[in-house]
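Chemist: Here it is: the structure, laid out below.
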Amino acid sequence: MSKIVKVLGREIIDSRGNPTVEAEVHLEGGFVGMAAAPSGASTGSREALELRDGDKARFLGKGVLKAIEAVNGAIADALVGKDAKDQAAIDAIMIELDGTENKSKFGANAILAVSLANAKAAAASKGMPLYEHIAELNGTAGQFSMPLPMMNIINGGEHADNNVDIQEFMIQPVGAKTLKEAVRMGAEVFHNLAKVLKSKGYNTAVGDEGGFAPNLKSNAEALEVIAEAVAAAGYVLGKDVTLAMDCAASEFFDKEAGIYNMKGEGKTFTSEEFNHYLAGLVEQFPIVSIEDGLDESDWAGFAHQTQLLGDKIQLVGDDLFVTNTKILAEGIEKGIANSILIKFNQIGSLTETLAAIKMAKDAGYTAVISHRSGETEDATIADLAVGTAAGQIKTGSMSRSDRVAKYNQLIRIEEALGERAPFNGLKEVKGQA
């Protein structure tokens, strides 16, 4: 009953108004899985390729008809008749057929959409929720946990049209006892932040990931207004709510000069100086996680950052590792960072994503499941976080349906699993157990 009978691709629209790939996989017995590929704005140079048409007369060159053609043509031809339950074989067929190092022939957007749709169809054929099927694929059947959310409530960098250089300022509702309570706490802080910003005369328009995107005097001020909002919501900063940042430092690194140029603050830093700048913020605020604190190619700087901060806080590699086991293995060997951000469109298939999570966990690194800035209503990452018991999730703020869809799916899953999926809070964050 799990034999593939049809594979279908279509062009749909993401949360930024750009096209993306949606795929359907149909099985014998009428089971169907449907999934859509997300899309990033601040992308690592070593990510798998997102195939775009380049026809400027259509969607400003961002159409995905070539990727759709691959889904409806070569990929469909290769997968019809195959067993959807064998996810590793399905993904291997597509990767081999593509034949490139970075999935540039079919596009990671095409391969991923089919990969995820296949997993959903297989789960349906087994009569189980996706998270349960993912746990089985992961070799951890029946082992679940609810992830601690990192909620991006102030957006800067490539995710907003403002003067804030650091891309994401996040809160983690660590005082919550359940995922549902964590979502409530996040929403309360978010609404109080709106009031704090308005009281200071700041704009409360939101960025790509649903966080506010005001022009601020400094990056430290972003943390200060969040601290005010946490207090106004009736919570204790550092006890009930902790802070996290995604610097996305590759976006303000001047490669030629070898400096970090924070135009919003009018400051420049060497790697070492920027590491000490971050260490200063960690001293001043209860920041427990920093992502991409340096440029993706600045491995010497990352080694210094890990020595300086790695035993105190979680240091997450996103552009640094791009969900790629080859790059992660090198990072583990060299003692670079202590956590990996997991974005399945960076690598382009579910099987390879699960391999990256396993490699990280086996090495004592944490794995943070993440959305992209260009999202859809697809909430697969919620099931991925629970099904791998990854422990942490980044899926934006408390506004925009493309973000909230993931929180709502997590609430549903928690309700279904009850005590089988504990919410471990701060214990999930590297260095905070």
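Glycine is no exception: its Cβ is also placed from the backbone N, Cα and C atoms.
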Chemist: Looking at Swiss-Prot, which one out of E273, E291, E352 binds Mg(2+) in the same site as D246, D318?
Modeler: E291
Chemist: Check Swiss-Prot: it lists K343, R372, S373, K394 as binding (2R)-2-phosphoglycerate. Then name which of Q143, Q167, Q284 it lists for that same site.
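Modeler: Among Q143, Q167, Q284, only Q167 appears alongside K343, R372, S373, K394 as (2R)-2-phosphoglycerate-binding in Swiss-Prot.
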Chemist: S373 ((2R)-2-phosphoglycerate binding site) to E209 (active site, proton donor): how many Å between their Cα atoms?
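Modeler: E209 (active site, proton donor) has its Cα 6 Å from the Cα of S373 ((2R)-2-phosphoglycerate binding site).
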Chemist: What's the CA to CA span in angstrom from D246 (Mg(2+) binding site) over to Q167 ((2R)-2-phosphoglycerate binding site)?
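Modeler: Roughly 6 Å, rounded to the nearest whole number.
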Chemist: If one looks at the chain holding R372 ((2R)-2-phosphoglycerate binding site), which residues at least 6 apart in sequence have a CB under 8 angstroms from its CB?
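Modeler: Residues satisfying the criterion: P38, S39, G40, A41, K343, N345.
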Chemist: By a simple count of other Cβ atoms within 10 Å, which of Q167, S373, the binding-site residues in the record, is least packed?
Modeler: S373
Chemist: Starting from the Cβ of E209 (active site, proton donor), draw a 10 Å sphere and report how many other Cβ atoms land inside it.
Modeler: 31
Chemist: Beyond D246, E291, D318, what residues of that chain have CB atoms within 8 A of the centre of the Mg(2+) site's CB atoms?
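Modeler: Once D246, E291, D318 are set aside, the remaining close residues are Q167, E168, M245, C247, A248, I290, D292, V316, G317, D319, L341, S370, K394.
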